[in-house]
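A.B. asks: Okay, handing you the structure first.
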4 protein chains.
Amino acid sequence: MFIGDVVGTPGLKMVDLWLKSFIKKHDVDFVVCNGENAHHGKGMSLEALNQLVAAGVNVVTGGNHTWSNFNFFDTLKTHPQVLRPLNYPKGTYGKGYGIYKLPNGLGDIAVVNLQGRTFMYSIDCPFRTADWVIKQIREQNKDSVKFIFVDFHAEATAEKIALGWYLDGRVSAVIGTHTHVQTADERILPKGTGYCSDAGMTGPHNSVIGMQIKSATDRMLYQTPHKYECAEDDVHFAAVLLSLDHSTGKTVGIERIFYPEYDRGVV
Amino acid sequence: MFIGDVVGTPGLKMVDLWLKSFIKKHDVDFVVCNGENAHHGKGMSLEALNQLVAAGVNVVTGGNHTWSNFNFFDTLKTHPQVLRPLNYPKGTYGKGYGIYKLPNGLGDIAVVNLQGRTFMYSIDCPFRTADWVIKQIREQNKDSVKFIFVDFHAEATAEKIALGWYLDGRVSAVIGTHTHVQTADERILPKGTGYCSDAGMTGPHNSVIGMQIKSATDRMLYQTPHKYECAEDDVHFAAVLLSLDHSTGKTVGIERIFYPEYDRGVV
Amino acid sequence: MFIGDVVGTPGLKMVDLWLKSFIKKHDVDFVVCNGENAHHGKGMSLEALNQLVAAGVNVVTGGNHTWSNFNFFDTLKTHPQVLRPLNYPKGTYGKGYGIYKLPNGLGDIAVVNLQGRTFMYSIDCPFRTADWVIKQIREQNKDSVKFIFVDFHAEATAEKIALGWYLDGRVSAVIGTHTHVQTADERILPKGTGYCSDAGMTGPHNSVIGMQIKSATDRMLYQTPHKYECAEDDVHFAAVLLSLDHSTGKTVGIERIFYPEYDRGVV
Amino acid sequence: MFIGDVVGTPGLKMVDLWLKSFIKKHDVDFVVCNGENAHHGKGMSLEALNQLVAAGVNVVTGGNHTWSNFNFFDTLKTHPQVLRPLNYPKGTYGKGYGIYKLPNGLGDIAVVNLQGRTFMYSIDCPFRTADWVIKQIREQNKDSVKFIFVDFHAEATAEKIALGWYLDGRVSAVIGTHTHVQTADERILPKGTGYCSDAGMTGPHNSVIGMQIKSATDRMLYQTPHKYECAEDDVHFAAVLLSLDHSTGKTVGIERIFYPEYDRGVV
Ligand SMILES: [Fe+2]
Ligand SMILES: [Fe+2]
Ligand SMILES: [Fe+2]
Ligand SMILES: [Fe+2]
Ligand SMILES: [Fe+2]
Ligand SMILES: [Fe+2]
Ligand SMILES: [Fe+2]
Ligand SMILES: [Fe+2]
């Protein structure tokens, strides 16, 4: 199961409240969660990380906001359950992938965090970095790693979809984050890779991607800085649920979760 | 009903094949369709416009690619059923909104086309332009216009959602286009405006947002120009269906359409 | 005389030390100075403004960093000698142009501050805003305003040069700021407008545009946030000196000032 | 001697007319010239390359527009005197540095072409690529290479200056291109590297960076595509002249050339 960007205290509370029952209900073996906005909407903190882990999250991935909280850097360097995008240049704190043991003798899963470049920072190529890391994983863990999961933190749909096709058949799934809007394009690509452009935001939806509506609108209206304030209301849980085949490592089922549903009336 | 970006000849054929039966099945009164990529994936043409109209589309909206085909400019200036984003600066060809008669004495509907600025061109403010056009419509068409529909062609989810909140209660619906990926956030905002960040792409999905996979991936791998070639396979129909209340002009039902469904296996 | 971006305390000290002697030596009637980086390299403050005025500056213009120091907003709203770019959207604090009395019965001078949009914020069109303000000034101050001076704060050379040509013959001079590098293209355009793409930086040049070298290089190497620290050494004074014709309002002489000169050796 | 971006046929003619006399007058040993706009203002061609070589140019460097003319790719792959930015990703056509014999037994010179990323394409890191190539050159050509010259094709002044400081003492000179405006910051950095942010444009200056004024202004006014048309009038020759010390490989003199001078009147 992959949980989209958890935003601020409201998002953390939602995970705390709902995750365990989801895990039980859907018999989930492993939970990855993007946490780049968990610390009051901007960056990560050790406290937020601990809350996510306590709630049942196995690995917390990051993104461009991973670097927003200078106090988190020590944890980033050493904590085994936290990742930042792998394709940040050499010399950056933290690690970009990890190999984790699954329960019930299911073998290991590699979790890879990558970040896009279109409309974002000029970091290393996510495509070539993906090639490198897959080779790395395959060579060093011949038999144990059964699954490779990729969180691709990116803005442009073209870049996300391109990476999905690029890795089709080579990884278990590529799920996007960063736009904070869940996309309806979850699918199994022809060679067996699960794909969804964005898992969406677990956090306050009475907001503009997690930020209070007035601050966000003022930024656009005046094009000047307005204080970031995390929103609070209308909290939803957004995630993507994957069924992976143990013998092939491929996705055999993919389903979006968005709870509770928005009001959609009747057509 | 609003149909997302129709891409190339495959998209046009799909509309031609399916639209009439959808209209019948769902008893649709009015069809708006974004056509900025209808002409071989880039821009519009009179021919494509005629095909869309013949298939049952009432109004064709545009976006940043509206200007890609110089040969279309004469049609853009004069054809009553084609729009381009209203907030392009004064002096730009074409018109950005229109008022159209609904069938069965349902009154008139105003269709407004706006474009975002984040990661796009520095055109006029979409928020202030929306204020202006709503005032315009209300003052000049006091009684006849029952509904206002907005196609917001934009890249950033924050800008799209901000406009949704900004116009909540003032227009019937704000539906986004441009990313070519349908989002799962269709909802009725608290004051009655229907909202969805992106209606998605009606066109070939064995592609990167409509473009052949290899060209798109090569652009990202090498950061050099590679010929745009429209993809051809796996054509899907993407749209958003709205039920509007005749007395209030508000949305009472919103539903995404994506046909046929992607392969999602079983979770 | 127009002084380029004054950066931090070192820049302020340089102005304090040298401006009065420059004014005397070159018999300068009026001094405009860009101060967007005067407050420790980021934004403005009342204290920095007072120092500039005490040193002989008549008007302090701004730019994108004007909004960096929230504490300055009250001064920005009320102080007659401080400007921010005029083409920020309606509702923004402060004013974008002013009319000032010249000494010795030379009449009035209008100072206009504009900002570019290429690679910067999506504010109002600088070209159309220039048209508007020139009309404004001409209509409301028929006889008194003899000169119009424009500080165009912009990144892209194309946008700067385009505005120079656009205003040629309609204003006394268009001088650019923001890149912090003085350009060697000072010239009198065919219809009499003085032009220079950038006046350069009055501040510490043992730096990357005013910032400490290591922080700046680290930002580029790692693409992560690194604290902004204002540099201190190798302070230079950068300005453009203009001779304007009293009867036509046009530029009859333009000269770059950069003091002291860099080390250039002997070719 | 390094000649800034040569634009179109007017630029080529200027080089043809003036270069040989400059070479003679200043006793120039080696001529590098940026040619990314030599082919009608966009890209390169074999014909333009031949004209530059015939006029006395030893090496032609490139930039983002190198890829604008598809017909040039064969020449780019094979011609020894043409370079493109070295830090384009692996797999890109052409080469990014070369080692050339100087006349009169002066040894060899390495010419390196790099491109910036701020406001440009997300290619490989220019700083790390510079480290790599310097090591390469030093290891493989221990004794013969006396000088290393870098053409840094970049938009942002911060990135250019940062590379200058980064390479100070390690290369003979870093000269910028791409903005088409000559900067007045030519200097010898403390450890002996010659530096200038931009060599400027050799081409028609009755233009917006080489493009006809009306097309350029229309693009900004309307934010829609307008045909690129190369300007023709007011051709100037822009270059940077360097004196290098044979024993240390460092710059001992740096001088801008801009011929003929602009009209500057008298202050
Ligand atoms: Fe996020
Ligand atoms: Fe993010
Ligand atoms: Fe589109
Ligand atoms: Fe678009
Ligand atoms: Fe500045
Ligand atoms: Fe600035
Ligand atoms: Fe160029
Ligand atoms: Fe260039």
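Here the Cβ of each residue, glycine as well, is placed from N, Cα and C on the backbone.
Remember, predicted model here, so these are calculated numbers, not experimental data.
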A.B. asks: For the Fe cation 1 site that TrEMBL lists with D:GLU36, D:ASN37, D:HIS180, give the additional residue from the candidates D:ASP5, D:ASP74, D:ASP143, D:ASP151.
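C.D. replies: So the Fe cation 1 site in TrEMBL includes D:GLU36, D:ASN37, D:HIS180 plus, from the candidates D:ASP5, D:ASP74, D:ASP143, D:ASP151, D:ASP5.
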A.B. asks: Need a hand: TrEMBL gives D:GLU36, D:HIS153, D:HIS178 for Fe cation 2, which of D:ASN50, D:ASN58, D:ASN64, D:ASN206 is also on that list?
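C.D. replies: Matched candidate out of D:ASN50, D:ASN58, D:ASN64, D:ASN206, per TrEMBL for Fe cation 2 with D:GLU36, D:HIS153, D:HIS178: D:ASN64.
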A.B. asks: Within 10 Å of its Cβ, which one of these recorded positions (D:HIS65, D:HIS180) has the largest number of other Cβ atoms?
C.D. replies: D:HIS180
A.B. asks: From the binding-site residues D:ASP5, D:GLU36, D:ASN37, D:HIS180, pick the residue whose C-alpha lies nearest to the C-alpha of D:ASN64 (Fe cation 2 binding site).
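C.D. replies: Answer for the nearest of the binding-site residues: D:GLU36.
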A.B. asks: Less than 8 Å, Cβ to Cβ, versus chain C; work out which of the binding-site residues D:ASP5, D:ASN37, D:ASN64, D:HIS153, D:HIS178, D:HIS180 satisfy that and list them by sequence.
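C.D. replies: Answer, by Cβ distance to chain C: D:HIS180.
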A.B. asks: Could you state the whole-number distance in Å separating the C-alpha atoms of D:HIS178 (Fe cation 2 binding site) and D:ASP5 (Fe cation 1 binding site)?
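C.D. replies: Cα to Cα, D:HIS178 (Fe cation 2 binding site) and D:ASP5 (Fe cation 1 binding site) are separated by 7 Å.
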A.B. asks: List, in residue order, those binding-site residues out of D:ASP5, D:GLU36, D:ASN37, D:ASN64, D:HIS153 with a Cβ under 6 Å from any atom belonging to ligand 7.
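C.D. replies: D:ASP5, D:GLU36, D:ASN37, by Cβ distance under 6 Å.
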A.B. asks: Which whole-number value in Å describes the distance between the Cα atoms of D:HIS180 (Fe cation 1 binding site) and D:HIS153 (Fe cation 2 binding site)?
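C.D. replies: Counting only the Cα atoms, the answer is 10 Å.
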A.B. asks: Other residues with Cβ within 8 Å of the Cβ centroid of D:ASP5, D:GLU36, D:ASN37, D:HIS180 at the Fe cation 1 site?
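C.D. replies: These residues sit around the Fe cation 1 site: D:GLY4, D:VAL6, D:VAL7, D:ASN34, D:GLY35, D:ALA38, D:GLY63, D:HIS65, D:THR177, D:HIS178, D:MET201, D:GLY203, D:ILE209, D:GLY210.
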A.B. asks: Per 10 Å Cβ neighbour count, which of the binding-site residues D:ASN37, D:ASN64 ranks highest?
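C.D. replies: That would be D:ASN37, with the highest Cβ count within 10 Å.
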A.B. asks: Could you give the Cα-Cα distance between D:ASP5 (Fe cation 1 binding site) and D:HIS153 (Fe cation 2 binding site), in whole Å?
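C.D. replies: Cα-Cα distance, D:ASP5 (Fe cation 1 binding site) to D:HIS153 (Fe cation 2 binding site): 10 Å.
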